């Protein structure tokens, strides 16, 4: 906990016997015959018919006609005719691999090195293992006739069906909830279509007897399974797997089409921002994998170093671009993103988790003592971060522009616009002699407080975090946790993801300029919403999952940990960066950022006081967050932007 943005249960393989039947079904092959499960006419199955079934069945009819025309491919034509009816509505049907009579088991003359006549007793199709898949043309005793039919099938019919099933497989996989259809197509391509036609039998389940004779290859009951959002490939969530090609598309378009001939800057900015989501997931998984296999010191260093790499990469890239162009808008955007992350993780993340968890559970309880530690750290961090801002407002000189005398009297009232506190009067004496040393002092104290809190919660007082995340730690389970990724693999993924993250952040800052200049929306709003919350979407999903499992303590800790890291790690690192690379970034925020952050922390501490909550309290937090967003939306852009 406390800054560890991923949890060990996400990077360790759960024992198969401890998983629920719903999860086991996700990873099972489509070859299990179940009892009567009711009607197969469901919304998901009808969706399959509309998306894939009709045209896939029509394609099989065309291929069947083509194979009948070749004459030698007539057996494959009959197979395609049967499969046309199957793929029109595959639910409640079964495809089997059956044995053929001995008289038809001999190898044909096309078998390399085999006798032309082929004896049935020496055929590999007699019992034992199935021959290699690319021997289907040697399945009969008539020799050249069957070989010619198989060649016609492999040249004319099979390639078209492979392309069609490949398209169905990719589309269904990307839609996630239709993964059973993807499995259906993949198994058809690799098993059914490569078998001799005589060994494939399509039946309806109600016309068969259990147990069936022969091996069951395909048996599907439903096309849509809503629980496939839990599906993982080698420990990686399926959504992160599907978004990985988006990163490649973003990098290719961004660096190959540098003159925006194929796409516009807003499109590239959107793609770069979306690519940050899977990369942040991979970085978090790699960090957690290394931490799970290391001691406390290594885990703390890795988390403190790379835990905020996603956000820091974007912030530093934006500050560098703003410094090169002499545009202070980028520094204001970074401040807005920092404030937006803080406010969103204090209000929106726990509030949304309370609402969603409260719908399923009437009242949820959480560890109020651990939440109190995080709240105290948030008060400390917010006070430290905004101390230079408060100092500048107390001792700075208020400078206003566009002042008008509303009473026409030199001693009357003046109406002024664009007022700000000037810290650079007298050659910046106030800033360089007082504000800047205060900023450096705060930037040293906040990481020190972070390390003390880390040692407190993970070493000396770890007992207050009585949260058992993995079922491996439950009574009666004594399984050793197996981590999906080794240390070296996690390190390589961490470095590659960080490199891609840097490239995507560079593209995002490169193409954000037209949006800032041409958009009518306030730059404040862009910073506190899009730039702040998009990288945190994987964490929001994790928090929602924990809340649904009635483990609200972890949901709250996720938001608090990110907020603490923003104030105690990210901001001090940005200040340290400005020492070596001067930018327009100063730790002096606008009044709107100060009031929004402090109000959010106070409200969160009030809500978490009693250690229990419901959906109403979560609704209050979410509504306050949206009210603050409305304030930022209607606020004028920062001066100079």
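Keep in mind that glycine also has a Cβ here, set from the backbone N, Cα and C atoms.
Break the domain 'Inner membrane component' (43-93) down by DSSP state and the numbers are 42 helix, 2 strand, 7 coil. Annotation source TrEMBL lists domain 'Inner membrane component' at 43-93.
For the domain 'Sodium/calcium exchanger membrane region' (267-386), DSSP puts the residue distribution at 105 helix, 2 strand, 13 coil. Annotation source TrEMBL lists domain 'Sodium/calcium exchanger membrane region' at 267-386 (among others).
Among the features that TrEMBL reports, domain 'Sodium/calcium exchanger membrane region' is placed at 490-632 (among others). Per DSSP, the secondary structure of the domain 'Sodium/calcium exchanger membrane region' (490-632) breaks down as 117 helix, 2 strand, 24 coil.
Residues or ranges marked as transmembrane segment by TrEMBL: 46-69 (among others).
What TrEMBL lists as transmembrane segment is 236-255 (among others). Listed as Cβ neighbours of the transmembrane segment (236-255) (distance under 8 Å, sequence separation of 6 or more from its ends, same chain) are residues 173-174, 176, 179, 228-229, 262-263, 268, 271-272, 274-275, 277-279, 281-282, 285, 500, 503-504, 507, 510-511, 538.
Remote same-chain partners of the transmembrane segment (267-284), defined as residues 6 or more beyond its termini with a Cβ less than 8 Å from a stretch Cβ, comprise 5-6, 236-237, 239-240, 243-244, 246-247, 249-251, 253-254, 260, 306, 309-310, 314, 493-494, 497-498, 500-501, 504-505, 507-508, 510-512, 515, 530-531, 534-539. If you look up TrEMBL, you'll see 267-284 (among others) marked as transmembrane segment.
If you look up TrEMBL, you'll see 296-317 (among others) marked as transmembrane segment.
Residues or ranges marked as transmembrane segment in TrEMBL: 337-359 (among others). With a threshold of 8 Å between CB atoms, the same-chain residues lying at least 6 positions outside the transmembrane segment (337-359) that come near it are 311, 314-315, 378, 382, 527-529, 531-533, 536, 539-540, 543-544, 546-548, 550, 552, 555-556, 558-560, 562-563, 566-567, 570-571, 589, 593, 596-597, 600-601, 603-604, 613-622, 624-625, 628.
Residues or ranges marked as transmembrane segment by TrEMBL: 371-391 (among others). Sequence-distant contacts of the transmembrane segment (371-391) (same chain, six or more residues past either end, CB-CB distance under 8 Å): 2, 342, 346, 434-435, 438-439, 442, 445-446, 449-450, 453, 456-457, 464, 553, 556-557, 560-561, 563-564, 566-568, 571, 586-589, 594, 597-598, 601, 604-605, 608, 611.
According to TrEMBL, the feature transmembrane segment maps to 438-458 (among others).
Positions annotated as transmembrane segment by TrEMBL: 490-509 (among others).
Within its own chain, the transmembrane segment (521-541) has Cβ neighbours under 8 Å at 5, 240, 273-274, 276-277, 280-281, 284, 310-311, 314, 329, 332-341, 343-345, 348-349, 352, 515, 558-559, 562, 592, 628-629, 632-638, 641, counting only residues six or more beyond its boundaries. Per TrEMBL, the feature transmembrane segment maps to 521-541 (among others).
As annotated by TrEMBL, transmembrane segment applies to 562-581 (among others).
What TrEMBL lists as transmembrane segment is 587-608 (among others).
Sequence annotations record features per position, and here TrEMBL assigns transmembrane segment to 615-635 (among others).
Here the listed stretches are 46-69, 490-509, 587-608, and the one with the most C-beta pairs under 8 angstroms to the transmembrane segment (438-458) is 587-608. Residues 76-81, 83-85, 87-90, 152-153, 156-157, 160-161, 164-165, 168, 171-172, 178, 181, 223-224 of the same chain lie 6 or more positions beyond the ends of the transmembrane segment (46-69) yet place their CB under 8 Å from a CB of it. Listed as Cβ neighbours of the transmembrane segment (615-635) (distance under 8 Å, sequence separation of 6 or more from its ends, same chain) are residues 336, 343-344, 347-348, 350-355, 357-359, 521-522, 524-525, 528-529, 592, 596, 600, 603-604, 607.
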